[in-house]
Amino acid sequence: MFYRQSGVYHTRYATNRALWPIPADRWQVLALTALALAAPLLVSTLYLGSYLMPWMIWTAAALSLSLLMGLAGQLHFGFAAVMAMGAYTSVHMVRAGVPFELALLGAGLFAAVIGTVFGAAALRVKGLYLVMATLAMQYLVDWVIVNVPAISGGAQATLRTPQVRFLGLPIQDLTSRYYLALGWTLLVTVFFLNVKRTSFGRALIAIRDKDFAAAVIGVDPFRYKLLAFMTSSFLGGVTGAVLAFCYYRAVTPEQFSFNVSIQLVAMVLVGGLGSAVGGYLGAGFVLIVPIVLTNLIATLGASQWIDISQNMMAHLPLIFYGAMIIGFLLWEPLGLAKIYDNTRKYFLVWPFRHSRS
Amino acid sequence: MRHDHVTDETTAALHPNWKVNDHLIAILARNARDYPNGIAMRERDRGIWHELTWPDYLDVVLALAAGFEEEGIGHGDVVLVVGDNRPQLYFAMLALVCLRAVPSPAYPDAQPSEILAQMQRENICAAVAEDQEQVDKIENVRGQWDGLRAIYYDDPRGLTAAAPEGAQPIEALIKRGRTRLAGDPALRDDLLARPNVHDPAVLLHSSGTTGAPKGIPLKHGHVLAGVRYAAAAGYFRTGEQHMAYLPMAWVGDFAFSIAAALELRFTVNIPENQETALHDLREIAPTLYFASPRAWSGMLTRIQVGIAETTGLKRRLYDHFMSFAIRLEEAKMEGKSPSLLQKLWYRLGDLVIYGPIRDQLGLRKVERPYTAGEAIGEDVFLYFRALGLNLRQFYGQTENCALAVAQSAEDISLTTVGRPFPGIELKIDDTGEILIRGDNVFDGYFQNEKATAETLRDGWLCTGDAGEFADDGQLVVLGRLSEVVHKADGTRFIPTYLENRLKFSPNIRDVCIIGAGREFLSAIVCIDFSAVGQWAQERGVPYTSYAELSQRPEVQTLIAGEIAHLNNAVPESLFIRRMVNLHKEFDPDDGEVTRTRKLRRNVIDEHYKAIIDAVYAGERSLDYEARITYETGQTGTLTRHLEITDLPEREG
């Protein structure tokens, strides 16, 4: 209805391959970016700090994982451990006096190195066996963090993140932390969108579809699987650091437990594998829907509309949430991104059913 | 071998008001000088539009002219140009014009025999062809015409290794021409100074509904006058985006894509090939769009088929808003202006339905959509106007550059074709024939004194169309004078008029009304395969082919209903009593219609004599021996069982 595709022509292949050749898509992206930038002025600190900011950071995490799971097709059930390594590395580096900018890089590099070492298992195993290998990583990293006091500061310790400045600006109040998180997420998004258009991205997709077929056409699976683990772990490590500094402002091992890994996988799956929009939608769904459901049922319970016990009240949201995830997997296995895509196409060919020429 | 030429002085005396150096090449040079960055042409190649500026355009035309000259082509030579719209063919036409040679375009789907006839008639000495297909076609008949010295082709695919003797790529000519121009600095100015406003700019052809096509030479002065009249009437604006997709042999393409494009600095957009024309049209979103009534009604059919298979909400919105807009447009035609609420509702509809459909068709930016050639269906005309396109009809012949009469933007009616452009004189003589005079009217047929004398009387062009003026002074075109025929009882009627009314139905692609010298009228109908096919699919009517679909009783009833609808609107003496659905469409390759899809009645009468006889003998069905010409040239026969349907008396 609002998509206008006539008059879009290209005199160079470069513009033909642009991210959003259709003006309506560009407007949507611009409007959403503007909204995100203006958010500190538009929403209260509660919503900014407890909803928007975590949504952005978890989106970055989901996109990092989606690069590995969606584009390269390598399952990873220990991504929280990757983020944990990033978070702890950055905290310790800043404590040792390293500038924050370098600490973020360091977090990414350390996570990338360790992530790649474990990713090497992917060269030999696939599918469920790779899941086991990455699970092992999750537990190993958890164990090391908890049991090495030099890292965790003791078994039940919480490390507070020190005061930092980013490019000369203090990262202290909520607004500055939000903008840092938003900046990182946008950077990851742009990277993710563009990776798909590079030879690297196409190589990953070739490997995802069939690794030995990719090898036949000259894509080296050894190299690209390791590169996929490395890139994804780098992004995950930096996201872990951003999560620690902007959102939690402290690090404990529980923040990066196995549950978190599962949640990340859920974000990627519910959102849609290998889709940038899916990263945003999946993270939003997994983070926000439980809260909305809880609030809704609490309101219903308080208003006497339904008569339920306290115990039931705590569990109902989880039941609905579980049902919704099952529903998505049943009706739209390709995730929220596919629903978005279908909706977009519905309007793209409006008022017809399919494109005509 | 050059054809006879009247001396330049006598030609010039015909139009004393024309300035000698006011010709297409001078205008191209002016554009190149004044608008060095203006985009003159865009060609789509492998998905990308390659742009050509005015100076590039001039350079390539001059280089090609230098190349042609080296090949021995010069003043008065007639050169065949055949192929789809390609930049190099346009360059070639202008390069020929620059050398005072005459380009003679042919339709890309012309048969080899038609090409041979054209070459023999016009003493053609060289050919410019698009690709291997056209080169092969010319090569086929070359043995029968030894005047042809050379073939130049655009697309070398399939020809590089196996080019026939004397064939070479246009590209090579351009290259040689560039070398010549570089070596001889005076040549450029020499070439620019050669053409003359009194030279023929193109040799076009009448459609040949009756007999062989006649050559129609149009001079620089004619086409430029036509374009300037039209521009003065607001019919073209400067700098339009124009899509060159109609055949180069048609007068409109020369007027739009060359004359108007040069004079008014259009950007001419050339689609990748004919099959992608609709898609490419959408990419470019032209500001000026011309399509034949048939193409508009084809577009309407496509929309209707698309809506028929779309989802519920979209269909309901479409049904509501489209019928609302059509009602509004009908009221406007009757002179009622819409209320504020209706205007607001139309705006909403524009957002929801009309705008998106215009966008889907690629007509979002079209400000000047036109149609001409034959009468347009009332439904089709209303539909596109309701859609927010200011669709207008115009009227003209090849003989007056097709630029003579057009509807103005404000004053639209269904029956009239509008007023003549300022500068053009128009009158209707005692026999009811439309006569036109103006600088855009040609000076006579190519080497055909007799036809010229019949058509040009005291500078007035006899169009052969019957017409009258409506009360508000607008022209009404009734039909061809020569087509008025009589039934056995002496009732006058114009078959085309009835046929056009019937063809407004999306289900009927072609129809031929028979009845001259007969007791009653009858119809031979060619169903529209896509529309009726869709209709049959929706109703579960099984069919395997066009022939079978056309003979299904359900389809017979459908078509009979369409004809009964017409019968309700005409006097009883013009009732169509019987009809046959033909097993195939009329095909220009069988000579039943011209390339512009006008019926050739004598051919149809002869081909389908058996059917017509059966209809008037009162039979209920017949087995028809169909002659089939395969693409290989072999012939065969096939027996088809055709049903003859009696139409009911007036309904209700």
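Using the three backbone atoms N, Cα and C, a Cβ is placed for every residue, glycine included.
Quick look at what TrEMBL lists:
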type	residues	note
TRANSMEM	A:27-48	transmembrane segment
TRANSMEM	A:55-82	transmembrane segment
TRANSMEM	A:102-121	transmembrane segment
TRANSMEM	A:128-146	transmembrane segment
TRANSMEM	A:178-195	transmembrane segment
TRANSMEM	A:226-250	transmembrane segment
TRANSMEM	A:256-277	transmembrane segment
TRANSMEM	A:284-306	transmembrane segment
TRANSMEM	A:318-337	transmembrane segment
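Counting Cβ pairs under 8 Å that are 6 or more residues apart, the transmembrane segment (A:284-306) and the transmembrane segment (A:178-195) reach fewer than 3 and are not in contact. Stretch with the most C-beta contacts under 8 angstroms to the transmembrane segment (A:256-277), considering only A:27-48, A:128-146, A:178-195, A:318-337: A:318-337. Away from its own ends, the transmembrane segment (A:178-195) comes close to residues 19, 33, 36-37, 39-40, 48-49, 52-53, 56-57, 59-60, 63-64, 66-67, 71, 166, 171, 201, 204, 231, 235, 238-239, 242, 245-247, 276, 279 of its chain (Cβ-Cβ under 8 Å, at least six residues beyond either end). Outside the transmembrane segment (A:27-48) by six or more residues, the chain places 20, 56, 174-175, 178-179, 182, 186 with a CB less than 8 A from a CB of the stretch. If you count C-beta pairs under 8 angstroms between the transmembrane segment (A:226-250) and each of A:55-82, A:102-121, A:128-146, the highest count goes to A:102-121. Counting same-chain residues at least six beyond the ends of the transmembrane segment (A:55-82), those with a Cβ under 8 angstroms from any Cβ of the stretch are 36, 111, 114-115, 118-119, 122, 127, 130-131, 134-142, 178, 181-182, 184-185, 188-189, 192, 195-196, 201, 204-205, 207-209, 224-225, 228-229, 231-233, 235-237, 239-240, 242-243, 246-247, 256-262, 264-265, 267-268, 271-276, 278-280, 282-284, 286-288. Under 8 Å from some Cβ of the transmembrane segment (A:102-121) lie the Cβ atoms of residues 74, 78, 82-83, 85-87, 89-90, 93-94, 130, 133-134, 136-137, 141, 164, 225-226, 228-238, 240-242, all in the same chain and six or more residues away from its ends.
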